Each structure stands twice: as C-alpha cells, then as structure tokens.
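Features as listed in TrEMBL:
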{"type": "TRANSMEM", "residues": "53-72", "note": "transmembrane segment"}
{"type": "TRANSMEM", "residues": "79-98", "note": "transmembrane segment"}
{"type": "TRANSMEM", "residues": "110-130", "note": "transmembrane segment"}
{"type": "TRANSMEM", "residues": "142-166", "note": "transmembrane segment"}
{"type": "TRANSMEM", "residues": "172-193", "note": "transmembrane segment"}
{"type": "TRANSMEM", "residues": "233-251", "note": "transmembrane segment"}
{"type": "TRANSMEM", "residues": "271-289", "note": "transmembrane segment"}
{"type": "TRANSMEM", "residues": "296-317", "note": "transmembrane segment"}
{"type": "TRANSMEM", "residues": "332-353", "note": "transmembrane segment"}
Amino acid sequence: MHWPAMKVDSTKIVIFLLIFSGFLKEFRPILPFMNTYLTSSARNFTDDILNHQVYPVWTYSYMALLLPVLLLSDNVHHFTFVIIGTFGQLCTMLAMIYGTTVACLQLMEIAYGLTTACDISSMSFLFFVVGDLKKFQKIISIMRAVTLLGMCISYVIGQLFLWLGITDYTVHAYVSLTASIATVLLVLFICLLRKVWLKPRTMHRRTENDAKFSIHFLTVLFYRLKKCYHSIFVIKWSIFWAISTCGYLQVVNYIQLLWSKLQDKNDNSTVYNGITEAVNALYLIATHAPKRYHALAFGSNTFIALLLQTVLTLIVADSNGFALDISSQFNVYGILHGTVSVFYLISGIVILAKHWPINWNAFLETDEELNESKNANEAITAA
C-alpha cells in the first residue's frame, strides 16, 4: 500500500521556525531579576555601579547601532542582521553570567544594544519571505504575540519557581543562556534553508556606480519620509510618540533599581519582578493589533526617541552627568511625562475651542482622500 505523498510548504516551515525563534529569544526568566542577580553575592556588583556605569551604555549603543542597521538593511540581506542579533543576545547572556568586571558588563550592554537594534530586521525578513502585504500583517501580529507570550511564560515560571524555592537566580540565568543558544542554532538552521526563501535579486544595484546609487537611495529615502510625515497631525503624533517612548525606555531600563531600593527600604525580601513583568507582557499582547506597518516611520521615530533618551541618560543617570540617585531620576521621568501630557491636553482643548461647535463631517475623509491615501501607500511600497 502506497501512502499519498504529503506536500509541505517550505515557506510556511521557515515562517514557523522564525516565529518560534522569537519565542525562544524572549524566553529569559532571568530578565525581571537581572538587577537582583547582578547585585547578589554570586555577582557582587552594586546598584550605584549599575545605575551610573553599566545601564547607560545600552542607550548609547542602541542609538549608535540603530541607524546603520536601518540604512544597511536595504543593501545587506535582512537575515544577516537576524543572525547578528541572535549572536548579540548570546553574548549578552554570556557576559552577564561570566563577566566579573564593570567593563564586561558594559560589553554586555553593547551586545544587548546590538540585539535590540537588529530586532526590526526580523520583521523585514518576514516580509521578504511572505511577500504579500495582507498576509504579512496577520503573520507579524502572530509573531509579536508569540514573542510576548515567550516573555510572559518565562517570567511567570521564573516567579513561581522562586516562590516555591525550586530554583535561584543562577539557575534562571543558565536557563536564559540555554534558550539563547537554542535560538542561535535555530536561526543557523533557517540559514541552511536559504534555498527556500532566498529569491534572486536584481543586479542593477551592483552594476550601477556608487555615486548614482547613493543619489537614488537618498532620493527614495527622502520620498518615503515625505510620505510618512505628510500632515501636521502625523508630525505632532510622531513628536508625542518619540518623547513618550524616550521616557518609557528610561523607565524600563532603570525600574529594577527602583524596585530594589523600595524592597530594601521596606525590609521586604519577597521579589515580585517576574509577575509584574508578566502582567505587562500580557497587556502588550492584548493591545497589539496593528492595522498598518510603516517600518520607516517607526524606525525614524525610534531613532529620534533614542536621541532624546541619550541626552536624558547623559544628564540624569551617567556618571559624567548629574548622576542622580534612582528616586530623583524617576522624579525627573515623572515630570517629563506629566509635562508632555499637559502640553497635549492644552493643545487638544485649544483645538476644540477653535472648532466649537464641532462639525464632525469635517473629520471624515472623502472617497477621493481615501483613494489618494491608498495610492500614496502603494507608491511607498513600490519604492
């Protein structure tokens, strides 16, 4: 008896492996407890060293590496940066576990900055494999959800195992290292399947001289930026997004230091970092439902946010700046968020006052405007 041959879609296999690699990459039960682990007797670093000499390095490296990744991804294959990002994650874990000096931890932050800068390449590579925009929007939502699910599951397991006394921070660190090694192996396996996803690329870019290609590249880049920021509303939103993201990244980068100080102040030995981060990951899963994906706008806004974060870090956190204690830093971050919120609240009230009574029909796009917007998006994609 002959069984019918099963046809396997190789592209779907690559997509599944890429999504699963994202799950493994974010499976890091040590992450919510990294500050506690580094200041424990096993590692013996201090909060002051981490605050002023180690953590600021991530901001600088992320900002410095994001722009080259964004610009080179059009010339170098996207999967190259996927590989680099996974190796950066592995180096981060190795430096965190085996690093014994401040310089080693600073290298850890540089490697992590490289990893976060290369994260956008996974999405770009996924679009390269899928090809169809509608399918890509669905798959990228699944990938984002699975990635956040990996974070959530690892944080919950890490928290439960600590509560039950099954493991300690060192075990969590080695589990995270194992997941990083598995991610590297999986990505290298995807590389072996390059005959499936590697499509022939046109060679006109290689034959053109560098000057003509540079002019063409800058022209296309300017055109895309112009289309992305086509209205004053988009510009205002981008400014708000960049400033709020700047503050958010600062809070995420230093929140464990604040938790550590509060625990010491209250003489509380119970650590709830894992469950807190898991709830945050669940919230991100629930709220992430993008209708469109404008990589250039996201990349440029992120770069602006990192520029602002670099200035903020240099002023309030870096040892070369004011080197504020962690409580004072969070007072600054709170004032920053409050100021931005008040500014946009006042701006909204002024706009409502100018247009009162409101003609709601004026806010609805006509069919002609919708078609124009659709044509603009198609032009950006084609470019």
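Quick reminder: no glycine exception, Cβ is built from N, Cα and C everywhere.
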Practice task
Verify whether three or more Cβ pairs under 8 angstroms connect the transmembrane segment (142-166) with the transmembrane segment (53-72), leaving out any pair fewer than 6 apart in sequence.
Solution key: no
Fill in the blank from the handout: Under 8 Å Cβ-Cβ from the transmembrane segment (172-193), and at least six residues away from its ends along the same chain, one finds 10, 13-14, 17-18, 20-21, 24-25, 27-31, 33, 37, 79, 82-83, 86-87, 89-90, 92-94, 96-97, 154, 158, 161-162
